[in-house]
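Pulled these from Swiss-Prot:
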- Pro63: O-linked glycosylation site (CARBOHYD)
- Tyr51: sulfotyrosine (MOD_RES)
- Pro63: 4-hydroxyproline (MOD_RES)
- 47-71: region 'Disordered' (REGION)
- 1-25: signal peptide (SIGNAL)
Amino acid sequence: MGYSSSSRIGLCLFLFFTFALLSSARISLSFSENEMTVVPERSLMVSTNDYSDPTANGRHDPPRGGRGRRR
């Protein structure tokens, strides 16, 4: 056949990456806040809501009066 070496390499790379993409397509990476994902071998509970609502820092007390702190 009249295929060049570069077209064979390109075809091999295309097939390799297509196979890699299709074989990993069953793995879902997008999760809602709390979602249970079941894979035939194992199950995994994912929680992306790790932090509470933002509040002011109760321990922060800025210096009073003047331009800055005295040492």
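Using N, Cα and C of the backbone, Cβ positions are placed for all residues, glycine too.
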Of all the recorded positions given, Tyr51, Pro63, which has the fewest Cβ neighbours within 10 Å once its own Cβ is left out?
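Counting other Cβ atoms within 10 Å of each of the recorded positions Tyr51, Pro63 gives the minimum at Tyr51.
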Measuring Cα to Cα, tell me the gap between the residue listed as 'sulfotyrosine' and the residue listed as 'O-linked glycosylation site' in whole angstrom.
29
Tell me, by DSSP, whether Pro63 (O-linked glycosylation site) is helix, strand or coil?
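Pro63 (O-linked glycosylation site) sits in coil per DSSP, no helix or strand.
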